[in-house]
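*Asks:* Sending over a structure as structure tokens; questions will come in a sec.
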Amino acid sequence: MALRLLLSNRLTIPQRNSWTRFSRYYTPLAFEYRSITPTNSSIYSHQHTYRTSLLSTHRQYHLSFKFASSSNPSGSKDGNTPSSSNDGKNRNDDDHDADGIHEPTDNTVPVVIQAGNPLMPVEVPENYPIVPLIPVSRHPLFPKFIKMLEITNKDLMELIRRKVKLNQPYAGIFLRKETSTTDEKSSTSEPKTPESMKDKLMKTVTADVVKNLDEIYQIGSFVQIHEVHDMGDRLRMIVMAHRRIKIVGIAPDDVAIEDVDRRRAQPKSNGNRRRPRRKGSLDIDDSVIAEETSTEPSPPSPTDKQEPIVVNKILMIDTENVIHDDYEQTPELKAITAELVKTIRDIVALNPFYRESIAALIHSGQRADHPVYLSDLGAALTSAEGEEQQAIMEEMNIPNRLMLTLNLLKKELEMSRLQQKIGKEVEDKVNKQHRKFMLMEQLRVIKKELGLEKDDKEAMNDKFRTRLKELTIPPHVKTVIDEELDRLNVLEKHSAEFNICTNYLDWLTNIPWGKISEEKTDLDRAQIILDEDHHGMEDIKKRILEFIAVSHLKKSTHGKILCFYGPPGVGKTSVAKSIARALNREYFRFSVGGMHDTAEIKGHRRTYVGAMPGKMIQCLKKTKTENPLVLIDEIDKIGRGGFHGDPSAALLEMLDPEQNANFLDHYLDVPIDLSKVLFICTANVLDTIPEPLRDRMEVIEVSGYVAEEKLAIAKNYLIPQASKQTAIKSDIIEITDKALMYLIKAYCRESGVRNLQKHIEKIFRKVAFKVVKEGEKKMIIDEGNLHEFVGKPVYTSDRMYELTPPGVSMGLAWTANGGSVLFIESRFTNPIDAFDVSSSDEKADKTSGASGSLILTGKLGDVMKESCTIALTYAKSFLQQLDPKNRSLRVGHIHVHVPEGATPKDGPSAGCTIVTALLSLGLNKPIRQDVAMTGEVSLTGRVLPVGGIKEKVIAAKRANVHTVILPYENQKDYNDLQDFIKDGLIVHFAKTYADVYKIIFDDQ
């Protein structure tokens, strides 16, 4: 038992790998200890001998170590008697190949070469100077310890075979220095070349030998080879160290050097080789120990090219025994010994791996407090570096050796404690989780037995049925829910269908069937709430009050689909919140801008992984009511088409008052009533909304704000909001009305107030910085210092021309950000020919080839290009009626340009303006100043109505234009404008272009 444990303790990492390969033949290891009395049976005793045998059973081999004792019936001194017939069989095999080289084939059983004749005792000599050199790595082998070795060098293998068969199974084991192993590691990183591959082969062959004694430490162990396992290409040996030895030098030439020519490989024969004859009492092969040490080998013959000849190998060395210094049992030595024993005991207590080793040592009769053996035992138990253990091997002073061993044991003790701590933390964590799991399971079983808790299926079933008690569920939905509940009871808990069924029932029972919020129908209250949150927006407020009035008369809640469209920043989205507050309805918003998947509206099929209902079902679950206010934002930017479907088409069912009472979601697959939902959609333009979808909505225009409205919004809403956000009170900052008006006209001309809000917040942040940094107490922002807070003005002029020249007219245009003034410029490229009145006959012009042309620039759209063509045709006809002799428009090459060429322009509303510019060019006289116009012109000269009247009138007033010409049919739109917008304006309504001409030219 002690032998097994000490053997396993001394297997380092590379040695354990070898032991794993070794155990393929020797598995399992079986040991028999047959000693009756512990006298002279210690594993450290020189008189103790071993006997080994190879037991073969169905090609699985077992290595049996048997300890001899005084009670053995054998008459041999060392007890080397055979234990079975198999041993004898193996001995015969060994004798047959005693002098030959064993070369195993596929069917060859590995041979165990025993040390000498088993019937003859093998005694360890006290002085044996000439021994084979076996270098080892990583750890030295201490006396009285066993180690397994594997060698592959052919010269050393041949030497070991001969020594064992000559009954001289002894060798010297010495530790390699780290420098040699480092060189070997560094050589592996070299590129693979033929030379490097050859060097690698040479190093592999010489891995078990050294070329120089400087590669190894000078003090090692004298070992006895107990068993050699011959594998043909390698040898596995089990050795036991007996004492320390020191290298004196290389063995003498007559013993240690062999001529290279004598070592060449003999040709292989097909059959069993015969034993070579011996010519003398000493076989010349037995005397060959090492190759000659010359640096250049003799040239090989052509027949020996396949086997390289390697020189400079040290195989035999001359050694001498190393005796430790004398010592006395002083109190200090006893204290060190006691501390070492205590440390070993602590290590054994922490690491049970060493426990049986120490127990076997005590059981064998060896004194546990013997300083010499205790120092070696302590060093062998540690996992220290080889250099540290070698220092213990070389230390001859016993107290110093004990101190070195104690230091290594202390390090090992700390490592064992750290290892135990880490292992205990991990174990505690695992045990805690396991304990918690077990307690929870026990608690669940106890509650179930007492009726305090049900299993998962019953609990879910009760949860769903409890929800249903508070709802008014339609009969067709109740049928579906009951079927799913029955299905849930028969499904396996861990099946995929169970989770699908559970999620489906969860959604069905979370919909507020029959639940509606109480709607407020007080018109005065609603008016106050709407006025508190928003300024202006009279059309929206009137429509909401009408909706409340209808609900008051019907005494029931109903739904509607409204669409607010207008420029950005006018409050379309925020007014929806105010409407929900005025109606006392739950508010839910989702945006469809960029949406490309119809499943966002109609839901997924339940068969898909991660399926979910659509937005409306999610809205009902969140709001817990059947009559919420749902805001569908950015409906004009919804995605169109794709492999996921068309979301705008999916909205048709949801926003159709005739169909949404039975809205069908793909996930729920039961009809849902959406007729009580108030839908409000927002858009910037109506052109991108599909016509069928636009037809289902009631469209309400939200116009932009004029400067006066922006001033009121800034004073009543934006400034208080910015003051609250920045904690700047009204007594610290004061913004004058002139500063606000200048801010609106020079910085924020857009229709909405979002940009104005940003500038006001910027002013408040600057003031907050000055209050904190400079300690300002009161700041007044007026028109003079406004630029210090918001920078330079963005708009420095309201119009391009103060006085329009001939060929230039001023029109009014609508943009997404509001209205603006639009100038139309026209010029002749051939003015001399155009104004030549020498020939005014149209037939003569055609005969001579004189015809005009039209060039258009300014990034115009197709509709506006067509308007220019129509305007030129009508202008030619109108000018021909005014002055038959004027041939300028007929023969002139005209270039029409609309400034701000980077801005796209389109629409028919510039027809009047283009005709006016062309007539001004043809007549070569400017139009009336401070006049702006808008309106579409037909080919016969009729002025057709246009849109965006409010924005266009506001743009004219902002440009200091006092006269505006509008289409006659837009008179109703103008009358709906607030009085402060119409103040100071002279408006003319024209049915035909002749009315426009009279205002533009005749009044001059």
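Cβ coordinates come from backbone N, Cα and C, glycine included.
Not measured: the values here are computed from a predicted model.
Straight from TrEMBL, here's the annotation block:
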type: ACT_SITE; residues: Ser909; note: active site
type: ACT_SITE; residues: Lys952; note: active site
type: BINDING; residues: Gly566, Pro567, Pro568, Gly569, Val570, Gly571, Lys572, Thr573; note: ATP binding site
type: COMPBIAS; residues: 67-87; note: compositional bias 'Polar residues'
type: COMPBIAS; residues: 88-105; note: compositional bias 'Basic and acidic residues'
type: DOMAIN; residues: 131-413; note: domain 'Lon N-terminal'
type: DOMAIN; residues: 803-1003; note: domain 'Lon proteolytic'
type: REGION; residues: 67-108; note: region 'Disordered'
type: REGION; residues: 177-197; note: region 'Disordered'
type: REGION; residues: 261-308; note: region 'Disordered'
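Please go over these features one by one and say how buried each is and what sits next to it.
*Replies:* The Cβ of Ser909 (active site) has Gly811, Leu812, Ala813, Trp814, Thr934, Gly935, Glu936, Val946, Gly947, Gly948 as same-chain neighbours under 8 Å, each 6 or more residues away in sequence.
Listed in sequence order, Leu812, Ala813, Trp814, Gly819, Thr934, Val964 are the same-chain residues at least 6 apart in sequence whose CB falls under 8 Å from the CB of Lys952 (active site).
Sequence-distant contacts of Lys572 (ATP binding site), defined as residues of its own chain at least six apart whose C-beta falls under 8 angstroms from its C-beta, comprise Phe564, Tyr565, Gly566, Thr682, Val702.
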*Asks:* Given the binding-site residues Pro567, Val570, Thr573, which one is most crowded in terms of C-beta atoms within 10 angstroms?
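*Replies:* Checking each of Pro567, Val570, Thr573, the winner is Val570.
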*Asks:* Rank the binding-site residues Gly566, Pro568, Gly569, Gly571 by the number of other Cβ atoms within 10 Å of each Cβ, and give the residue at the low end.
*Replies:* Pro568
*Asks:* Excluding Gly566, Pro567, Pro568, Gly569, Val570, Gly571, Lys572, Thr573 themselves, which residues in that chain have a Cβ inside 8 Å of the centre of the Cβ atoms defining the ATP site?
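*Replies:* Result: Thr682, Asn684, Val702, Ser751, Gly752, Arg754.
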